[in-house]
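Below is one structure, written out as structure tokens; the observations come after it.
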Amino acid sequence: MSSASGLRRGHPAGGEENMTETDAFYKREMFDPAEKYKMDHRRRGIALIFNHERFFWHLTLPERRGTCADRDNLTRRFSDLGFEVKCFNDLKAEELLLKIHEVSTVSHADADCFVCVFLSHGEGNHIYAYDAKIEIQTLTGLFKGDKCHSLVGKPKIFIIQACRGNQHDVPVIPLDVVDNQTEKLDTNITEVDAASVYTLPAGADFLMCYSVAEGYYSHRETVNGSWYIQDLCEMLGKYGSSLEFTELLTLVNRKVSQRRVDFCKDPSAIGKKQVPCFASMLTKKLHFFPKSN
């Protein structure tokens, strides 16, 4: 009887090992590859947009003409998705750090996620504010689990529109593709954002979106705004509330890669191309389905 009783309790020799294997089996069976982030909180969340057009003269950085078109386009698209959008223009480094610290310390308990966009010049692992550069990891670090508890397990999306190198992407035309580019007005000149930005790890549930692959120029039109933000906003408008977000970003990569420089003061840039990239540390599928009121 004692032996049978032991079997029922799971204590005979080898029993604990067998139960562990069984538990592991059921855990594997319960793993859902299509699991989605919980996006039915009261609020969608905050979307910060730091827009930098002009810089302190001592930095010798050129104006980023067209960036206000990016800011307005992003504001419209993220508002449509239900975000509370907050825009800041040409902040000094100290001001920018203060604003982002304030947002990192408020409660996001009733929010789905968080978005932060930087429209600026970049260099290495830094992004430029009006008067100085700021380390990107300093900014993302404010939203890690040990600093921002209310965003633990929630998507944290950082979008960086900045140049990331000193090379243009040389176009290679696929044999089965004819590149039919639409004509553009001469007044809409293509420029590049200065310097370079590295791909940086951030942590679980972060998504780092870059306007261009590391080591290459990011192109911006002086009237319409940057290629990346134009195409990101177009895809958000068409598929933002239906398509899984990393799938949408892949479409953005394709759209931007089909562009080329037509008008530029630098003749060597004519015909050059650009491919964005993103580094996903997301652990579930991310959808921005419309909220039910």
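Glycine too: its Cβ is placed from the backbone N, Cα and C atoms.
Positions annotated as active site by Swiss-Prot, on the basis of experimental evidence: His121 (among others). In this view, His121 (active site) is surrounded by 25 other Cβ atoms within 10 Å of its Cβ, with every protein chain counted. Reduced to three states, the DSSP call for His121 (active site) is coil.
Annotation source Swiss-Prot lists active site at Cys163 (among others).
Marked as S-palmitoyl cysteine by Swiss-Prot on the basis of experimental evidence: Cys264 (among others).
Annotation comment: Swiss-Prot describes Cys277 (among others) as S-palmitoyl cysteine. Cβ-based neighbour count (10 Å, all protein chains) for Cys277 (S-palmitoyl cysteine) stands at 16.
Here Swiss-Prot flags Ser79 (among others) as phosphoserine, drawing on similarity to another entry. Taking the Cβ of Ser79 (phosphoserine) as centre and 10 Å as the limit, one finds 13 other Cβ atoms among all the protein chains shown.
Under the heading phosphoserine, Swiss-Prot lists Ser257 (among others), citing experimental evidence as support. Its own atom aside, the Cβ of Ser257 (phosphoserine) has 16 Cβ atoms within 10 angstroms in the protein chains shown.
For 1-20, the entry in Swiss-Prot reads region 'Disordered'.
In the predicted model, the region '130's region' (125-142) shows an average pLDDT of 94. Marked as region '130's region' by Swiss-Prot: 125-142.
Here the Cα atom of Ser257 (phosphoserine) is found 11 Å from that of Cys277 (S-palmitoyl cysteine). A separation of roughly 24 Å, to the nearest angstrom, links the Cα atoms of Ser79 (phosphoserine) and Cys277 (S-palmitoyl cysteine). Rounded to the nearest whole angstrom, the C-alpha distance between Cys277 (S-palmitoyl cysteine) and His121 (active site) is 17.
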